[in-house]
Amino acid sequence: MIEKKIIADKFNSNFIWIFVDAADKYPKQMNIKANQEHIIYGEKCRLVGFLETESPSTGRFSTNHSTWTHSRPTVSGERFTHSFKTLASRMERLDQTISDRIRIVDGEISRHSDNEKICEQAACTLKTCDNVIVDVKKELEMLHSLRLEDQKKSLMNLIAKVQKSGMIQDLEKWRSLMESRYIFDNTFSSATPHGVLVEMCQCLELMSSMLRSVEQSIADRNHNGVTEKQLHEFKLAFDYFDQEKNGWLDYEHFELCLKSQGYNFSVESTLKETMSLLDPSTYEKHDYMRYMVKHETTNILDDHSAIEDALKNLDARKISDSMSRKEAEFFMSKIAKKAETSSDQVCLEYKDFVNSFY
């Protein structure tokens, strides 16, 4: 009697696999509907068992049904044979891989959530620091209208305010934290901790430079005797040529500003040398003020000596020989204002006349 072994096809309920005997390596596929007498539905469901992960239509069982061989060979021509234990082990590894992937994804979600909070907090700090920088720059623009002593006091207060606020340390902390977490794009702010930190340091350096300049101007003023009125005139001259209100002058306007104060540079190299002493690129107001305070007394004394020397060899008979008619009229009008009349002779103390120009 021929013994038939029947295995149900999980993927197609209309078919089963029939092994006629143990020597039969190639099972026959039978239509259930056409052969109702060979199998009942309950038997099919019982035998489906452990074949839930593989498709019988793509492989063959061994004679003892304990191993499974893929019907499709690999590129090298080999066929893989798997036991049910091997398949179970692969399933365990697959479950472990899925668990690891889920854990990694959860970690990434948590990291992105933390990064978003960091970006939001950093944006608040950046906005605060940016507002402080804007306020400091506005106060610096107003310093030029103050006396030197008031400028010095205001600059010292501004520097202390920025240094004691701890903003530089906060910016360093946020920059280090965001770099360590590879955060290079903040959706809450277009500014970066590094950019704001650089701007803050530049602002501090500018205030320190202005403070040194003001202190030097005070020392030069006290040494040379420049008055507050003269300082005010220097500022007015600078503001007149600084038509764009940038706080600095280019080469051409700086030259005009100095010449308007009585500095006549006959040699071009002399002007360039003077400008290089201030700033090789632009000529800012505090540099200009420092230069004027330092050199104004010398300039006045040189002019004073030149006028005295000219008057020593000048009398009424030589006026027409030494000056044009227009210059002579201007000169005589100055003399008339300071002249002292004694009978029919007009005389003038030339030192008093020279002092009248100042």
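Residue numbering: from 1, along the chain as shown.
Each residue, glycine too, has its Cβ placed from N, Cα and C.
Remember, it's a predicted structure, so these values are computed and weren't measured experimentally.
Over in Swiss-Prot, the protein carries these features:
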- 229-264: domain 'EF-hand' (DOMAIN)
- Asp242, Asn246, Trp248, His253: Ca(2+) binding site (BINDING)
What's the number of neighbouring CB atoms sitting within 10 A of the CB on Asp242 (Ca(2+) binding site)?
20
Measure the Cβ-based neighbour count of His253 (Ca(2+) binding site), defined as the other Cβ atoms within 10 Å of its Cβ.
17
Could you tell me the mean pLDDT the prediction assigns to the domain 'EF-hand' (229-264)?
71
Indicate whether Asp242 (Ca(2+) binding site) is helix, strand or coil by DSSP.
coil
